[in-house]
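For reference, Swiss-Prot has these:
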- Cys34-Cys61: disulfide bond (DISULFID)
- Cys45-Cys65: disulfide bond (DISULFID)
- Cys48-Cys60: disulfide bond (DISULFID)
- Cys54-Cys69: disulfide bond (DISULFID)
- Cys83-Cys115: disulfide bond (DISULFID)
- Cys96-Cys119: disulfide bond (DISULFID)
- Cys102-Cys114: disulfide bond (DISULFID)
- Cys108-Cys123: disulfide bond (DISULFID)
- 27-73: domain 'WAP 1' (DOMAIN)
- 76-127: domain 'WAP 2' (DOMAIN)
- 1-19: signal peptide (SIGNAL)
Amino acid sequence: MRCSISLVLGLLALEVALARNLQEHVFNSVQSMCSDDSFSEDTECINCQTNEECAQNDMCCPSSCGRSCKTPVNIEVQKAGRCPWNPIQMIAAGPCPKDNPCSIDSDCSGTMKCCKNGCIMSCMDPEPKSPTVISFQ
């Protein structure tokens with residue numbers, strides 16, 4: 001019995017620590033990375049050690065001549081949470097507009113996600129993930 005209580009308390013403490021850690025971080029919906037062609041021979045060798053040494057939005061990336069400033073590649077990162085489920089929003093209330101306000105999460109500000117809303121995509125506040133319930137018997 002003591003072992004079960006200790007296990008439950010340990011899991012609860014871990015869940016609280018992880019939840020706190022997630023709240024402290026702000027995730028960007030677009031992540032910049034060095035491109036795969038960083039090692040190509042035709043790269044200009046402007047040596048650097050950190051991103052701060054590079055002009056504008058360039059990054060200090062590995063290259064054929066050590067490390068040099070390169071234009072990064074932006075990769076879409078999906079924002080936390082999920083789009084809210086509302087069956088009424090899945091049905092268009094009238095004629096559909098031609099343009100969507102968004103097409104990917106990074107088109108939306110803050111923590112909002114790009115979700116289906118009738119016949120268009122629009123920025124909406126996400127639903128938090130449902131907590132996982134663990135039962136011990």
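Quick reminder: no glycine exception, Cβ is built from N, Cα and C everywhere.
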Cα within 10 Å of Cys60 (disulfide bond) - qualifying disulfide-bonded residues among Cys45, Cys54, Cys83, Cys96, Cys108: Cys54
How far is it from Cys83 (disulfide bond) to Cys34 (disulfide bond), counting Cα to Cα, in Å? 30
Those disulfide-bonded residues listed as Cys54, Cys115, and which of them has the most Cβ atoms within 10 Å of its own Cβ: Cys115
Entries of Cys48, Cys108, Cys114 which, being disulfide-bonded residues, have CA atoms within 10 angstroms of Cys54 (disulfide bond): Cys48
Should any of the disulfide-bonded residues Cys48, Cys69, Cys96, Cys102, Cys119, Cys123 have a Cα within 10 Å of the Cα of Cys61 (disulfide bond), which are they? Cys48, Cys69
Below 8 Å Cβ to Cβ and six or more residues apart, same chain only. Which residues does that give for Cys123 (disulfide bond)? Pro101, Cys102, Asp107, Cys108, Ser109, Met112, Lys113, Cys114, Cys115
Compute the C-alpha separation of Cys45 (disulfide bond) from Cys96 (disulfide bond), stating it in Å without decimals. 51
